[in-house]
(Lines of atoms letter the chains of each structure in order from A and count residues from 1; the text may use other names and numbers.)
(Lines give C-alpha, C1' and ligand atoms only; values in the text may rest on other atoms or scores of the structure.)
Protein backbone atom coordinates (compact mmCIF):
# COMPACT_ATOMS: atom_id res chain seq x y z
CA UNK A 1 0.00 0.00 0.00
CA UNK A 2 1.41 3.39 -1.00
CA UNK A 3 0.67 6.67 0.78
CA UNK A 4 -1.00 9.23 -1.46
CA UNK A 5 0.22 12.83 -1.34
CA UNK A 6 -2.60 14.84 0.24
CA UNK A 7 -3.41 17.43 2.86
CA UNK A 8 -5.18 14.65 4.76
CA UNK A 9 -2.86 12.24 6.59
CA UNK A 10 -5.60 9.60 6.50
CA UNK A 11 -5.83 9.35 2.71
CA UNK A 12 -4.14 6.31 1.20
CA UNK A 13 -3.86 5.08 -2.35
CA UNK A 14 -3.87 1.35 -2.98
CA UNK A 15 -1.54 0.50 -5.86
CA UNK A 16 -2.77 -2.68 -7.51
CA UNK A 17 -0.13 -5.12 -8.69
CA UNK A 18 -0.59 -7.52 -11.59
CA UNK A 19 -1.27 -11.14 -10.72
CA UNK A 20 -1.72 -14.48 -12.46
CA UNK A 21 -5.49 -14.78 -12.02
CA UNK A 22 -6.41 -14.36 -15.70
CA UNK A 23 -3.88 -17.01 -16.66
CA UNK A 24 -4.98 -19.37 -13.88
CA UNK A 25 -8.61 -19.18 -14.98
CA UNK A 26 -7.58 -19.81 -18.58
CA UNK A 27 -5.65 -22.89 -17.48
CA UNK A 28 -8.72 -24.17 -15.63
CA UNK A 29 -10.72 -23.69 -18.85
CA UNK A 30 -8.17 -25.70 -20.83
CA UNK A 31 -6.65 -22.64 -22.49
CA UNK A 32 -2.93 -23.06 -22.01
CA UNK A 33 -0.40 -21.79 -22.99
CA UNK A 34 -1.44 -18.19 -22.36
CA UNK A 35 0.66 -15.37 -23.83
CA UNK A 36 0.77 -11.78 -22.68
CA UNK A 37 1.33 -9.08 -25.31
CA UNK A 38 2.25 -5.42 -25.02
CA UNK A 39 4.06 -2.70 -26.93
CA UNK A 40 6.36 0.23 -26.23
CA UNK A 41 6.77 3.40 -28.24
CA UNK A 42 3.35 4.57 -29.36
CA UNK A 43 3.92 8.20 -28.40
CA UNK A 44 7.44 9.17 -29.52
CA UNK A 45 8.25 11.29 -32.56
CA UNK A 46 11.02 8.92 -33.63
CA UNK A 47 11.94 5.27 -33.72
CA UNK A 48 9.97 2.04 -33.99
CA UNK A 49 7.10 0.68 -32.01
CA UNK A 50 8.28 -2.53 -30.36
CA UNK A 51 6.07 -5.36 -29.13
CA UNK A 52 6.71 -8.46 -27.07
CA UNK A 53 4.81 -11.66 -26.36
CA UNK A 54 5.63 -13.72 -23.28
CA UNK A 55 4.47 -17.11 -22.02
CA UNK A 56 5.44 -17.31 -18.35
CA UNK A 57 6.23 -20.53 -16.51
CA UNK A 58 3.50 -20.81 -13.84
CA UNK A 59 5.99 -22.51 -11.52
CA UNK A 60 8.69 -19.88 -11.98
CA UNK A 61 7.22 -16.38 -12.20
CA UNK A 62 9.78 -13.63 -11.49
CA UNK A 63 9.00 -11.52 -8.45
CA UNK A 64 8.39 -7.82 -8.99
CA UNK A 65 6.60 -7.94 -12.35
CA UNK A 66 4.69 -4.72 -12.96
CA UNK A 67 3.73 -2.22 -15.62
CA UNK A 68 7.08 -1.15 -17.11
CA UNK A 69 6.11 2.51 -16.64
CA UNK A 70 6.00 2.00 -12.87
CA UNK A 71 9.52 0.55 -12.76
CA UNK A 72 12.91 2.24 -12.84
CA UNK A 73 15.41 1.64 -15.62
CA UNK A 74 17.46 -0.65 -13.38
CA UNK A 75 14.40 -2.62 -12.24
CA UNK A 76 13.35 -3.16 -15.85
CA UNK A 77 16.80 -4.31 -16.89
CA UNK A 78 17.01 -6.81 -14.02
CA UNK A 79 13.52 -8.16 -14.67
CA UNK A 80 14.21 -8.36 -18.40
CA UNK A 81 17.02 -10.85 -17.76
CA UNK A 82 14.92 -12.82 -15.28
CA UNK A 83 12.03 -13.03 -17.75
CA UNK A 84 14.30 -14.28 -20.52
CA UNK A 85 15.78 -16.85 -18.16
CA UNK A 86 12.53 -18.21 -16.75
CA UNK A 87 9.72 -17.82 -19.30
CA UNK A 88 8.53 -20.71 -21.43
CA UNK A 89 8.71 -18.50 -24.52
CA UNK A 90 9.54 -14.89 -25.40
CA UNK A 91 9.27 -13.17 -28.77
CA UNK A 92 9.73 -9.59 -29.97
CA UNK A 93 8.81 -7.67 -33.11
CA UNK A 94 8.98 -4.09 -34.27
CA UNK A 95 7.47 -1.79 -36.88
CA UNK A 96 9.74 0.98 -38.16
CA UNK A 97 8.93 4.67 -38.35
CA UNK A 98 8.40 4.20 -42.09
CA UNK A 99 5.93 1.41 -41.38
CA UNK A 100 4.10 3.62 -38.89
CA UNK A 101 3.95 6.46 -41.41
CA UNK A 102 2.58 4.04 -44.01
CA UNK A 103 -0.42 3.12 -41.86
CA UNK A 104 -0.96 4.65 -38.42
CA UNK A 105 0.39 4.08 -34.93
CA UNK A 106 -2.57 2.00 -33.73
CA UNK A 107 -2.43 -0.37 -36.69
CA UNK A 108 1.35 -0.59 -36.41
CA UNK A 109 1.17 -1.36 -32.68
CA UNK A 110 -1.38 -4.12 -33.19
CA UNK A 111 0.60 -5.59 -36.09
CA UNK A 112 3.79 -5.60 -34.01
CA UNK A 113 1.96 -7.51 -31.27
CA UNK A 114 0.61 -10.00 -33.80
CA UNK A 115 4.10 -10.60 -35.21
CA UNK A 116 5.53 -11.06 -31.73
CA UNK A 117 2.86 -13.64 -30.90
CA UNK A 118 3.37 -15.54 -34.15
CA UNK A 119 7.11 -15.63 -33.42
CA UNK A 120 6.73 -17.53 -30.15
CA UNK A 121 8.33 -20.97 -30.01
CA UNK A 122 5.11 -22.38 -28.52
CA UNK A 123 1.59 -21.91 -29.88
CA UNK A 124 -0.62 -20.25 -27.26
CA UNK A 125 -4.30 -21.03 -26.97
CA UNK A 126 -5.08 -17.59 -25.58
CA UNK A 127 -3.42 -14.20 -25.99
CA UNK A 128 -3.95 -11.37 -23.51
CA UNK A 129 -3.35 -7.95 -25.07
CA UNK A 130 -2.84 -4.70 -23.21
CA UNK A 131 -5.33 -2.02 -24.21
CA UNK A 132 -8.74 -1.88 -25.83
CA UNK A 133 -8.05 -3.82 -29.03
CA UNK A 134 -7.16 -7.39 -29.91
CA UNK A 135 -4.70 -7.50 -32.82
CA UNK A 136 -6.39 -8.88 -35.95
CA UNK A 137 -5.15 -12.10 -37.48
CA UNK A 138 -4.04 -13.88 -34.31
CA UNK A 139 -3.57 -17.66 -34.58
CA UNK A 140 -5.47 -18.15 -31.30
CA UNK A 141 -8.20 -16.62 -29.17
CA UNK A 142 -7.46 -13.09 -27.96
CA UNK A 143 -8.67 -10.88 -25.15
CA UNK A 144 -7.97 -7.19 -24.61
CA UNK A 145 -7.44 -5.95 -21.05
CA UNK A 146 -7.51 -2.22 -20.35
CA UNK A 147 -4.49 -1.45 -18.18
CA UNK A 148 -3.57 -5.08 -18.66
CA UNK A 149 0.06 -4.42 -17.73
CA UNK A 150 -1.21 -3.55 -14.24
CA UNK A 151 -3.53 -6.58 -14.04
CA UNK A 152 -1.84 -9.54 -15.71
CA UNK A 153 1.69 -10.70 -14.93
CA UNK A 154 2.07 -12.07 -18.46
CA UNK A 155 1.24 -8.69 -19.97
CA UNK A 156 3.47 -6.94 -17.43
CA UNK A 157 6.35 -9.19 -18.47
CA UNK A 158 5.70 -8.34 -22.12
CA UNK A 159 5.63 -4.63 -21.30
CA UNK A 160 9.05 -4.89 -19.65
CA UNK A 161 10.59 -6.83 -22.54
CA UNK A 162 9.19 -4.41 -25.13
CA UNK A 163 10.32 -1.33 -23.19
CA UNK A 164 13.85 -2.59 -22.58
CA UNK A 165 14.32 -3.64 -26.19
CA UNK A 166 13.03 -0.34 -27.54
CA UNK A 167 15.21 1.69 -25.19
CA UNK A 168 18.25 -0.29 -26.33
CA UNK A 169 17.33 0.33 -29.96
CA UNK A 170 16.99 4.06 -29.33
CA UNK A 171 20.35 4.14 -27.55
CA UNK A 172 21.81 2.62 -30.72
CA UNK A 173 20.15 5.37 -32.74
CA UNK A 174 21.75 7.89 -30.39
CA UNK A 175 25.22 6.57 -31.14
CA UNK A 176 24.61 6.98 -34.88
CA UNK A 177 22.88 10.37 -34.64
CA UNK A 178 24.61 11.99 -31.69
CA UNK A 179 23.15 15.47 -32.31
CA UNK A 180 19.65 14.36 -31.34
CA UNK A 181 20.08 12.76 -27.90
CA UNK A 182 17.93 9.71 -28.64
CA UNK A 183 19.65 7.81 -25.84
CA UNK A 184 18.26 10.37 -23.37
CA UNK A 185 14.68 11.02 -24.52
CA UNK A 186 14.07 7.79 -26.48
CA UNK A 187 12.40 9.76 -29.27
CA UNK A 188 9.81 11.58 -27.14
CA UNK A 189 8.98 15.25 -27.72
CA UNK A 190 11.28 16.75 -25.11
CA UNK A 191 12.59 20.30 -25.45
CA UNK A 192 16.01 18.95 -26.38
CA UNK A 193 14.55 16.73 -29.07
CA UNK A 194 12.39 19.52 -30.49
CA UNK A 195 15.39 21.85 -30.62
CA UNK A 196 17.47 19.21 -32.42
CA UNK A 197 14.72 18.71 -35.00
CA UNK A 198 14.40 22.47 -35.55
CA UNK A 199 18.17 22.80 -35.91
CA UNK A 200 19.07 19.71 -37.92
CA UNK A 201 15.77 18.57 -39.38
CA UNK A 202 14.18 15.12 -39.05
CA UNK A 203 16.26 12.00 -39.65
CA UNK A 204 15.10 10.10 -42.72
CA UNK A 205 13.45 6.76 -41.92
CA UNK A 206 13.77 7.41 -38.19
CA UNK A 207 11.43 10.30 -37.45
CA UNK A 208 7.70 9.68 -37.83
CA UNK A 209 6.95 12.37 -40.36
CA UNK A 210 3.23 11.54 -40.37
CA UNK A 211 2.94 12.70 -36.75
CA UNK A 212 1.35 16.06 -36.08
CA UNK A 213 4.55 17.96 -35.09
CA UNK A 214 5.94 17.46 -38.58
CA UNK A 215 2.63 18.06 -40.35
CA UNK A 216 1.44 20.99 -38.23
CA UNK A 217 4.69 22.51 -37.01
CA UNK A 218 4.26 22.14 -33.25
CA UNK A 219 3.59 19.79 -30.36
CA UNK A 220 3.48 19.70 -26.60
CA UNK A 221 6.94 19.33 -25.12
CA UNK A 222 7.53 16.40 -22.75
CA UNK A 223 9.94 17.13 -19.90
CA UNK A 224 12.84 14.67 -19.85
CA UNK A 225 12.48 13.99 -16.12
CA UNK A 226 8.95 12.67 -16.76
CA UNK A 227 10.00 10.02 -19.28
CA UNK A 228 9.87 7.21 -16.70
CA UNK A 229 6.09 7.32 -16.90
CA UNK A 230 5.92 6.84 -20.65
CA UNK A 231 5.98 3.61 -22.62
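Each Cβ is built from the backbone N, Cα and C atoms, and glycine gets one as well.
Copied over from Swiss-Prot:
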- 32-223: domain 'RNase H type-2' (DOMAIN)
- 38, 39, 130: divalent metal cation binding site (BINDING)
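Non-local contacts of residue 130 (divalent metal cation binding site) by the CB criterion (under 8 A, 6+ apart in sequence, same chain) comprise 36, 37, 38, 39, 144, 145, 147, 148, 149, 155, 158, 159. Cβ contacts within 10 Å of residue 38 (divalent metal cation binding site), excluding its own Cβ and spanning all protein chains shown: 32.
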